[in-house]
Amino acid sequence: MPQKDPCQKQACEIQKCLQANNYMESKCQAVIEELRKCCARYPKGRSLICSGFEKEEEEKQTLKCTPQ
């Protein structure tokens, strides 16, 4: 049986929040932050749900390292 994603609960909370708030992301910042905290607790690649945040962080690092 496949192992459950460790941050699935937080991802579901985001979906519930977005649905309850007409998909206004600004109203769900607290639950989004909880998912970020969950993702930070696990090694890269451990959570499929966190892969979007991991990609976002990689892009930020690339931009910081790119000479202007």
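Including glycine, each Cβ sits where the backbone N, Cα and C put it.
The model shown is predicted, which means the values in this text are computed figures rather than measured ones.
Long-range neighbours of the domain 'CHCH' (4-46) within the same chain, counting only residues 6 or more positions beyond its ends whose Cβ lies under 8 Å from a Cβ of the stretch, are 53-54. Summarising the annotation, Swiss-Prot assigns domain 'CHCH' to 4-46.
What Swiss-Prot records for CYS7-CYS38 (among others) is disulfide bond. Listed in sequence order, LEU35, CYS38, CYS39, TYR42, SER47, ILE49, CYS50 are the same-chain residues six or more apart from CYS7 (disulfide bond) with CB atoms under 8 A from its CB. CYS7 (disulfide bond) carries neither a helix nor a strand DSSP state and counts as coil.
Look at Swiss-Prot and you will find 7-17 tagged as motif 'Cx9C motif 1'.
Residues within less than 8 Å, Cβ to Cβ, of CYS17 (disulfide bond) and separated from it by at least 6 positions along the same chain comprise LYS27, CYS28, VAL31. The feature disulfide bond is assigned by Swiss-Prot to CYS17-CYS28 (among others), with sequence analysis given as support.
Look at Swiss-Prot and you will find 28-38 tagged as motif 'Cx9C motif 2'.
Swiss-Prot lists CYS39-CYS50 (among others) with the feature disulfide bond.
The DSSP breakdown of the motif 'Cx9C motif 2' (28-38) into helical (H, G, I), extended (E, B) and coil residues amounts to 11 helix, 0 strand, 0 coil.
According to DSSP, CYS17 (disulfide bond) is assigned to a helical segment. Neighbours of CYS38 (disulfide bond), defined as other CB atoms within 10 A of its CB across all chains, total 20.
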